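**Student:** Here's a structure for you.
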Amino acid sequence: MSINTGHGLPFLPGNTFRDVTKSAHHRPQTLSYKNGYALPHRPKVGIGQAPLLSSELTQSEINQLSNQTPALTYGTTHYSPALDFIPAHVAYDKKVLRFYGYFQQEVLHSPQEGYRVRPVVIYYYQEDDSMCIMEPVVENSGIPQGKLIKRQRLPKNDRGDHYHWKDLNVGMDLVVYGTVYRVTHCDSHTQDFMESEGLVLNDPEPTPVDPYIQRRSQAGRSYITPPVFDRLKQFLTMDRKVLRFFALWDYTDSLYGEARPVTIQYYLVDDSVEIREVHEPNSGRDPFPVLLRRQRLPKNIKPACKPFPSCVLEVSPQEVHQYYSPKDFQVGETLQLMGRRFLLYDCDEFTKTYYQKNHPDLELKPKPVVKKTTELHDRHKVPPYNGFGSLEDSLQNCLSLIPEPPKKDLMKMLENDHKVLRYAARMDSQNPQDEGRRFILSYFLSNDMISIFETSTRNSGIIGGQFLEKTRIPKPGCTVDKPEFYGPADFAIGDTVEVFRHRFVLTDADHYVLKYLESISDQLPSRTLTSLRQRLGLDMAEKGGGAHTDPQSEDIERAEPSS
């Protein structure tokens, strides 16, 4: 019987006492880690024994415990470096096992076939053990093909098990959702993987031939048919090949007759002919160019059918002895078609090549045709300008029934927006009351319009303000239909500008005017720039000398013209 050393009582139930001074109630650790190695914290003791403290051991016992190594008992242990853990979705990413096979589909109510053999490709994705079954698409098969079973884990049995790559092999039946797929062979990657895992693959099997495909591949019954009546060969070789002739429909012998240009098209695929008129713009003809619809034209009718009038009953193929062929269309000759004369004067390049290759005995003789040219008269005469509105706006009423606003030069408006050339002017009038009137003439570069603003003069009796709103001013002496408007090149210092029978003499200009006109000096006469330089250079000299400035120049900087 063990003795409770803490209190001197037998170690029996009821004889133990709880240590009320104990504060740590966790489970003590016997190992500690130092520099990555697990080291014993205290020796292992048995159940019911008192813990053996290192202080109670002698030095010889401690040395004996430290010198004992497990290598003497168990041998030397070889430790291999720990490998990094790689999950399955990373190790087997994009690794797919591919098997080839087929399944038989039963065909009902068909005397020609009892079943169909449909090949499939089975994909096994190793990263998540999912499978997918695809059927190669066959053109014009009439069967929905492609993905038969989408990617998923396929059930193996009713117990909930799923197919694994260990369950797959060549030459086996794979039952999926009631359909039996026969696995015939696999690719080289799948074969290498299965053999590396210790699985022996069976011998590959050939895929059986579909009976319906085999029957379709057999050559049909051949018939010996003269090549003249081989319509199938004519359709396969002559499809979309058309001979085009340029001709003149001549009916000048009738009342109001003329020679009208037409196009004759001969379709080699079925020996049909179509005639189309060539309409010129504004010819007054009805917009129906087809003169003769596409049909086969009879050349000779059987003698027994000639007395019967064709206007009562149309000519049937049984009554026609011969139809028109490409040999009957010769360039340079007149052809009689349906009672009308057509002069074939030329053809296109394809037609010439066709005749040189197939009918070298027929000589093509293109004829030059002088087309009748009619004198073009002024069909639409623009009435003279009546003075209401602008010239461009009034012209729109003559061009269309519903007039549209005239088009503007948007690039010019965007580049010259808010750019104004301002000039000082005085009125040149015989009236003595107009002697002291001063004006500011503003030229807007965005739309070439001019506005005139009159400055206020004290005790003159004339109210200043807007004298002329923004408008384009024509030069004197020009016509109303073809006006010439004032521009920056016409505004030289000292020149007279006539504005609707009012004469203004330019006396000064803004410094911006000289700066802008020097940038386009190649488009202006030298006289305009010289007058501005002399005037503005004189003003700068007077300002530098301290003299009084011209009041007109001050008005330009002080007054703001109305827009």
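Placement of Cβ uses the backbone N, Cα and C atoms for every residue, glycine included.
The domain 'DM10' feature in TrEMBL is assigned to 93-198, 239-359, 417-521. The annotation region 'Disordered' is assigned in TrEMBL to 541-563.
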**Student:** Looking at the domain 'DM10' (239-359) alone, can you tell me the average pLDDT?
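**Tutor:** Value for the domain 'DM10' (239-359), mean pLDDT as a whole number: 87.
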**Student:** List the helix, strand and coil residue totals of the domain 'DM10' (239-359) as derived from DSSP.
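**Tutor:** Across the domain 'DM10' (239-359), the residues distribute as 19 helix, 50 strand, 52 coil.
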**Student:** Going by DSSP, how much of the domain 'DM10' (417-521) is helix, how much is strand and how much is coil, in residues?
**Tutor:** 16 helix, 42 strand, 47 coil
